[in-house]
Amino acid sequence: MPQQIELRNIALQAAQPLVHGVSLTLKRGRVLALVGGSGSGKSLTCAATLGILPAGVRQTAGEILADGKPVSPCALRGIKIATIMQNPRSAFNPLHTMHTHARETCLALGKPADDATLTAAIEAVGLENAARVLKLYPFEMSGGMLQRMMIAMAVLCESPFIIADEPTTDLDVVAQARILDLLESIMQKQAPGMLLVTHDMGVVARLADDVAVMSDGKIVEQGDVETLFNAPKHAVTRSLVSAHLALYGMELAS
């Protein structure tokens with residue numbers, strides 16, 4: 001399995017250019033946070049990595065490398081990169097139970113799909129009464145439960161990399177804390193490389209090792225999390241950090 005995945009000069013376009021020459025490097029055992037406002041190109045960059053661009057959007061430049069060798073997105077999806085989606089309710093087939101979703105995921109990747117394996121993954125993400133959970137349909141579960149189920153399926157994939165696209169969006173504070181605890185636990189136990197897409201600098205401060213800031217389809221600043229919080233350079237980065245510090249009655253040093 002690769003130890004590093006690199007996005008090199010990725011450019012995306014629809015009727016007009018959307019993402020301009022984005023380069024990112026994911027490394028095993030490290031969390032790279034991709035931050036920026038809505039419409040900055042974060043989710044499109046993830047979609048390009050996985051080969052699931054929306055209709056009408058095409059990649060016009062750039063490549064993806066695994067340990068320095070060019071690779072297609074379809075060769076990464078699932079086997080090498082697991083995904084935790086922004087809106088878990090839309091990610092599940094409403095006609096299938098959690099058992100069917102989990103089992104089909106495992107079988108598609110050639111992983112064990114016995115009930116003991118599925119139960120262990122569900123228990124690992126803190127969902128009580130795994131036997132009951134496996135019988136549930138998506139509409140019978142809360143947003144927090146579905147997000148934890150998404151994480152359980154990412155665990156089942158045993159992929160060396162994870163893309164987590166706004167994993168705490170639209171969840172209440174308690175559910176958000178539980179999701180962050182789970183992601184932190186996965187990093188400690190499995191040490192994947194993680195691309196964490198978020199607009200929440202509190203999430204960045206807690207989980208990230210490195211940060212890339214996007215604005216208008218471009219990476220405007222990159223660095224380790226400590227440097228970015230203590231000495232942000234770009235105006236967008238300074239605005240994000242200042243807004244985060246203001247929540248605690250603090251100000252960014254001039």
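Glycine is treated like the rest: Cβ placed from N, Cα and C.
Per Swiss-Prot, the feature ATP binding site maps to G36, G37, S38, G39, S40, G41, K42, S43; the stated evidence is sequence analysis. Cβ neighbour count for G39 (ATP binding site) (all protein chains, 10 Å cutoff from its Cβ): 13. Taken residue by residue with DSSP, G39 (ATP binding site) is part of neither helix nor strand, so it is coil.
Summarising the annotation, Swiss-Prot assigns domain 'ABC transporter' to 2-241 and lists sequence analysis as the type of evidence.
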Residues satisfying Cβ distance under 8 Å from S38 (ATP binding site), sequence separation of at least 6: H199
Surrounding CB atoms that lie within 10 Å of the CB of G37 (ATP binding site), all protein chains: 14
